[in-house]
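Annotated features in TrEMBL:
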ACT_SITE  GLU102  active site, nucleophile
ACT_SITE  GLU106  active site, proton donor
ACT_SITE  GLU106  active site, nucleophile
DOMAIN    2-214  domain 'GH16'
CARBOHYD  ASN110  N-linked glycosylation site
SIGNAL    1-22  signal peptide
Amino acid sequence: MARWSHLASFAVALALVQSAASEHWLNDYFTTDGNVRAGYDASGQEVATVSLNQQTGGGGFNSKKKFLFGEFSIRIKLIPGNSAGTVSCFYLSSGDDQYRDEIDMEFMGNSSGQPVVLNTNVWANGDGKKEHQFDLWFDPSADYHTYTIIWNPENIIFKVDNDVIRSFKRYADLPYPNSKPMTVHATLWDGSYWATEKGAIPINWSQGPFTVSYRDYFANACVGGRKCPAHSGKWINKQPSKAEWGTIAWAEKNYMRYDYCQDGYRFPQGFPGECSRN
């Protein structure tokens, strides 16, 4: 699970937030915890770096506002080399309680030469265990790549660069995160007990400190707990197109490492209801 979250201020006014062009997006839109620094790259774009070391732990940044539905993206350059045991995250969460809603993109560190695993997950009212995991088909430490979450009343869409890799559909009789505003988080932490080969390979602290870089944060979303403005139609009604269902099938066929709907050991009493409907 994505951790290191601290709740930010809760804005109740209805407003559309667009944060693509801020020169100082980190301080404008987020509070920070732990080892977080802001700088600029050669093009003048602000870059936030989050570091993890054995002495002081990791860190992250947390949005100052909460949102109910929206499109959220950020460009990330992950840890180079041996990142086994680390977990880098971009996610939404309503809080830390047992009834929380959460939408996760978690990057589980790798041993050198092995693929980085992207874990996608959805929690609704404390009900999780809905993971799809993919081996990334590129080196995510060599350059920045864009990771996007689209969350609307009908489905949750996960994108890597321009490729839709997953859609989690809402069914009226099944849990879905549709009522609790959520904050946006980006974190880096020690997941040795879980992250790499189910915890078999922990962090090698001699390779640290481990650093993840973030830039180009973008949100087009509604603040608070009311209906989104009509002009949010680009994402509020978004569902995968026929071509995007094709990229989902491509990702599942070639790069899926884990699908909770195929894990009979985990669900001895039967799979979650959506597994037979998707």
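Any Cβ shown, glycine's included, is placed from N, Cα and C.
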- Note on the structure: Rounded Cα distance, in Å, between GLU102 (active site, nucleophile) and ASN110 (N-linked glycosylation site) is 24
- Query: Cβ-Cβ under 8 Å from ASN110 (N-linked glycosylation site), same chain, 6 or more residues apart: which ones?
  - Reply: ASN82, SER83, ALA84, VAL116, VAL117, THR196
